[in-house]
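Q: Just lifted these from TrEMBL, have a look:
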TRANSMEM  21-40  transmembrane segment
TRANSMEM  52-74  transmembrane segment
TRANSMEM  81-99  transmembrane segment
TRANSMEM  105-126  transmembrane segment
TRANSMEM  138-159  transmembrane segment
TRANSMEM  214-235  transmembrane segment
TRANSMEM  300-328  transmembrane segment
TRANSMEM  340-358  transmembrane segment
TRANSMEM  370-389  transmembrane segment
TRANSMEM  395-417  transmembrane segment
Amino acid sequence: MWWDERVSARFQRNLQPTLTYWSVFFSFGLCIAFLGPTLLDLRCQTQSSLSQITWVFFSQQFCLLLGSCLGGVFKRTLAQSLFALFASSLAISLVFAIIPLCHNVVVLAVVMAVAGLAMGCIDTISNMQLVKIYQKDSAIFLQALHFFVGFGALLSPLIADPFLSDTNCILSNATANASSNLPHIRKSLVPHHPGNLSHYDLPMKGMVVTHVSYAFWIMALINLPVPIAVFFLLYKERMVPCFNSSSHPLLSADELAMETRPAEKDDLSTTVQRPQVARGHDDLFSCCQSKNFRGASYTYFAVHITGALVLFMTDGIVGEYSGFIYSYAVEEPLSVVHKVAGYLPSLFWGFITLGRLISIPVSYRMKPATMVFINVVGVLVTFLLLLIFSYSVVFLFVGTACLGLFLSSTFPSMLAYTEDILQYKDHT
């Protein structure tokens with residue numbers, strides 16, 4: 001095997017929880033990418049305007065941010081984390097099943113807000129649980145985790161595509177012009193910025209003809225094994241309510257034994273101190289109290305701030321570039337044909353998924369700090385070349401592929417890098 005026996009043995013001992021966290025992140029990816037392609041059909045279903053339906057984007061993304069913060073509340077014990085993951089993954093399946101029943105844009109926004117909260121909890125808890133299990137060896141498993149979100153994000157538009165309307169899905173006397181431009185309108189939708197499409201006549205009243213509900217029900221069924229897998233992990237850990245068992249530690253007995261080996265004295269000291277630290281969690285905000293930061297060096301804060309800024313920029317690019325690049329390509333000076341420009345978002349997500357797959361073996365041979373440096377420099381150089389060759393259609397495609405490749409492993413590499421420096425424990 002291309003990794004050593006110690007990491008392989010650790011993976012085998014934690015096979016079920018690791019596969020469970022990976023599958024839960026597949027749910028995250030499945031839910032994050034379906035909204036863009038299906039938005040016009042959802043507009044028809046709710047009989048709303050473009051400006052109204054694009055607020056569903058905001059509802060999902062804002063609650064994803066809140067959910068990421070909320071996920072930190074459930075990370076103190078394994079039981080809390082797994083119950084939160086079970087509820088979140090089940091909520092995503094329910095959201096997929098309920099969306100076809102939402103015929104009002106406000107109700108749809110509320111449902112997407114629930115999905116955003118669930119996605120945020122999944123994002124925080126899955127990353128932190130893998131770090132707590134594998135610690136110094138977490139890089140390779142974090143890369144695999146983020147491959148699954150890319151795979152889910154690549155799969156959901158493919159599931160939805162056969163069920164999207166080729167003509168305007170609200171039949172009225174004014175559908176002819178809108179129907180002929182529907183593929184262009186669909187790909188030009190950028191969250192919260194529908195103003196450049198206001199000249200298209202999209203009727204809001206009439207007979208609704210759309211089959212997009214089948215896509216959501218298929219995704220609900222595909223996602224259903226994920227909460228079942230989390231439930232089985234809860235059952236294995238004897239945390240199902242019908243079992244009267246005490247709270248389990250974040251690490252299994254095997255993992256604790258491994259961490260206390262003589263060769264890893266630093267981990268021994270932190271493991272012994274861990275119960276003493278846990279007693280400081282008297283309230284929800286105890287980790288934010290100043291006493292927990294006394295004696296911390298400037299490096300401690302610098303690493304957190306730098307890591308947050310890098311992730312803020314790179315995750316922001318991932319979220320916006322795929323929605324922006326089509327509109328950029330079809331406008332002057334490039335004026336790419338609409339059908340050709342439609343391949344750009346798929347190319348971007350495809351290379352993100354490919355990059356995360358490649359990063360799994362690479363992360364074992366290369367230090368996280370080196371990977372972060374390569375990723376950040378690669379992103380900056382790619383954007384610089386995109387500006388220099390801004391009139392080149394060929395380089396737009398090449399640059400989009402390179403950008404997806406460099407962005408793909410930034411998040412897991414940065415998380416693994418900060419773990420190497422700070423050794424995240426209960427106060428992470």
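Just so it is clear, glycine is given a Cβ too, placed from its N, Cα and C backbone atoms.
Mind mapping these onto the model and telling me what they sit next to?
A: Through the fold, the transmembrane segment (21-40) approaches residues 53-54, 56-57, 60, 85, 88-89, 92-93, 95-96, 112, 115, 118-119, 122-123, 126, 129-130, 144-146, 148-157, 159-161, 164-165, 169, 182, 185-186, 189, 212, 215-216, 219, 222-223, 225-226, 229-230, 322-323, 345, 349 of its own chain, all at least 6 residues removed from its boundaries and within a Cβ separation under 8 Å.
Beyond the ends of the transmembrane segment (105-126), by six or more residues, the same chain brings 21, 24-25, 27-28, 31-32, 35, 42, 46, 48, 52-53, 55-56, 59-72, 74-75, 81, 84-85, 87-89, 91-92, 95, 98-99, 145 to within a C-beta distance below 8 angstroms of the stretch.
Outside the transmembrane segment (214-235) by six or more residues, the chain places 16-17, 19-20, 23-24, 26-27, 30, 34, 38, 79, 82-83, 85-86, 89-90, 92-94, 96-97, 99-100, 156, 159-160, 162-164 with a CB less than 8 A from a CB of the stretch.
Tertiary proximity for the transmembrane segment (340-358) is limited to same-chain residues at least six positions away from its ends with a CB under 8 Å from its CB atoms, namely 33, 36, 143-144, 146-147, 150-151, 153-154, 157, 183, 187, 318, 321-323, 325-326, 329-330, 396-397, 400-409, 412.
For the transmembrane segment (395-417), the residues of the chain that approach it from at least six positions outside its boundaries are 127, 131, 138-139, 142-143, 145-146, 150, 307, 310-311, 314-315, 317-318, 321, 325, 329, 334, 336, 343-344, 347-356, 358-359, 362-363, 368-369, 371-372, 374-376, 378-379, 382-383, 385-386, 389, judged by C-beta separation under 8 angstroms.
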